[in-house]
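S.K.: Mind having a look at this structure? Questions to follow.
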Amino acid sequence: MYFFGIVMRLSREDEYDNDYGWTAKVDMVKKRSTVLAKTTWMSVCRVGQEDPCRVFHALKVGFSLTLVSLLYLLEPFFKGIGQNAIWAVMTVVVVLEFTAGATLCKGLNRGIGTLVAGSLAFFIDLVAQESGQVFRAIFIGAAVFFVGTGATYMRFFPYIKKNYDYGVVIFLLTFNLITVSSYRIHNVLKIAQNRFYMIAIGCGICLLMSLIVFPNWSGQHLHNFTASKLEGLATSIEACVAEYFSNEELVAKESSEDPIYKGYKAVLDSKSTDETLAMHASWEPCHSSNCERVPWQHYVKLGDVLRHFGYTVVALHGCLRTEIQTPRSVRALFKDPCLQLAGEVAKALMELADSIRQRRQCSPEILSDHLHQALHDLDAALKSQPKLFLGPSSNANNSMLAMAAARQNSSLPSVKTDSSALVQWRTKRAANEQAKDFADRKSSLRPTLSKITITSLEFAEALPFAAFASLLVETVARLDLVIDEVEELGRVGNFREFCTGDDKVCCKPTKGKDASLQNHLPSHGVD
C-alpha cells in the first residue's frame, strides 16, 4: 500500500507538470503572436508614414483592378468581349507604376508595341494566305526567325535599351502569339483587334489614375531626392568631424545605426535611381505653372558630382576607424578650426539644398568669408605645431639613419675564393668572425635604432590627423565643383532669382515627400 501511494502521488505530480508545461507553451505562443502582430502593424504604419503616396498608390491600384474587372463581372461587357478581357487586367497589373512617368513609359511602350506587332502580323498573314499550306508554314517560320532576331538585336542599342526595351519585348510577345496562332486560326485580324482594344482600355485606366487622381511625378521625386542628398552630405560631414574631436573613444558602429553612414549612403547608391527617375520624368507632360521643360539630365550630372564629393566624405569617415589614432591631446589643438570649417561646409551644402528645393538661384555669398577664415585658422594652427609632423629634429634623424647604414655596411664580411680546397676552412673562419662582429655591432646599434624607432612612432601618431585635415580641406575644394553644377542647373532650369529674404538656411533635412527616398524601401519603379 505504501508503494502504491507513492506511485499515485508521482503520477499526479507528472500530470501537474504536463499541464503546467502545456500552459507555459501556450502562453509563450500567445506572447510571440502578440509581439509578431505588433511588429507587423508597426512596420505597416511606418511604411505609410514615411511616404503617404504609397498608401494612395495602393488604393489606386486596387480601384483600377476593380474597375477593369467589371469587363468580366458584368454580363453585357463579357458577351461583347469574352475571354479577351483578361488582357485588360494584365495590362493594369503590369503598367500601373508608382509614378506617372513610369506609367506613361510602360503604357505607351505596351500600346505602341502591340499596335506595330499586330499590323506586321496581319501583313504577314495576308501574304501567307496566297500560298499553299506547306509554303505558308515555311513563310511563317522564316518571318518569326527574322523578326525575332532583328528585334532582339535592336535591344542592344543603348537608346532602345534605355527608352523602348519594354516595348520591344511586348512587340515580340504579341507578334509571335498572333503570327503562330494564325496558322491554325483564320480570323487573326479579329484577334489582334480585340487584344489591342483590351490593352488600350487597360492603358487608358492606368493613365487616368496616374495623371488625374493624386498624380505622383517622377520629376518631383528626383528634385526632392537631389536636395535630400545635399542635406545628407552636410549632416555626414558635420557629424564626422564632431565625432572625431569628441572626448569619447572612437568605436566602430553598425552601418545601419551610424548617422554618418546613412548620410552619404544614399549619395553613393543614387546612380541608378537618378537615371531611372530622370528617364521617367522625360516622359511626363508639363505640369508646372510656367509649363517649361526641365533639364532632367542636369540632375543626373549633379548626382555624379555629388558622388565624387561623397567619396571624400567616405575617406573622411574612414579616418575614424583607423588602427593608429592621433592622441586626444594633439587633436584638441586643432579642434576649433576643424569644427568651424566643417560647419561652414555643411552650411554651404544646406544652402545649395535649400536653393534646389525652392527652385531659386544660389546665394551670392554662399562661399562666405567665414569659410575662408576657417581655412586660414586651420592653416595657422598646423604651422604653429611643426614638430608634430616633421619630428623633433629631422636632420638628426637623417644623420642617425646614415650612421646606422654605414656601420651595417662596413661590418658585413666578404668571403670569396676560387679554390675548392680552402672553402671549408675559410667558411668556418668567416662564421666565427661574423659571430664576433655581429655581437659587437648589435650592442653598438641598439640605442641608435631604438631612438629612430621612437621618433618614427611619434611621427606616425600625427599622420592620421594629417590625413584627416587634408581630406577636410579637400571637401572645400570639391565644394566649388558642386556649387558650379548647382548654379548651372539653376540657370538651365530657369530658377527664380535670389532675393534678400531667401538667405535663411534650414539646418535640418526637410521631412516630407522625399523621406521615402532616404530609406531602404524604393517607391519608384525600376526597370
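Cβ atoms are placed via backbone N, Cα and C, with glycine included.
Found this in TrEMBL, in case it helps:
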type	residues	note
TRANSMEM	55-74	transmembrane segment
TRANSMEM	86-105	transmembrane segment
TRANSMEM	112-128	transmembrane segment
TRANSMEM	134-154	transmembrane segment
TRANSMEM	166-184	transmembrane segment
TRANSMEM	196-214	transmembrane segment
S.K.: Let me check one thing: do the transmembrane segment (55-74) and the transmembrane segment (196-214) come into contact, meaning three or more Cβ pairs under 8 Å with sequence separation of at least 6?
M.R.: yes
S.K.: For the transmembrane segment (112-128), what are the same-chain contacts with Cβ under 8 Å, counting residues 6+ beyond its ends?
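M.R.: Sequence-remote neighbours of the transmembrane segment (112-128) are 135-136, 139-140, 143, 147, 166-175, 178-179, 182, 188-189, 192-193, 195-196, 199.
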S.K.: I'm a bit unsure how to read this: which one of 86-105, 134-154, 196-214 has the highest number of Cβ pairs shorter than 8 Å with the transmembrane segment (166-184)?
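M.R.: Looking at each of 86-105, 134-154, 196-214 in turn, the most contacts to the transmembrane segment (166-184) are made by 134-154.
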S.K.: Would you mind listing the long-range same-chain contacts of the transmembrane segment (134-154), meaning Cβ under 8 Å and 6+ residues beyond its ends?
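M.R.: Residues 120, 124, 127-128, 160, 168, 171-172, 175-176, 179-180, 182-183 contact the transmembrane segment (134-154) from elsewhere in the chain.
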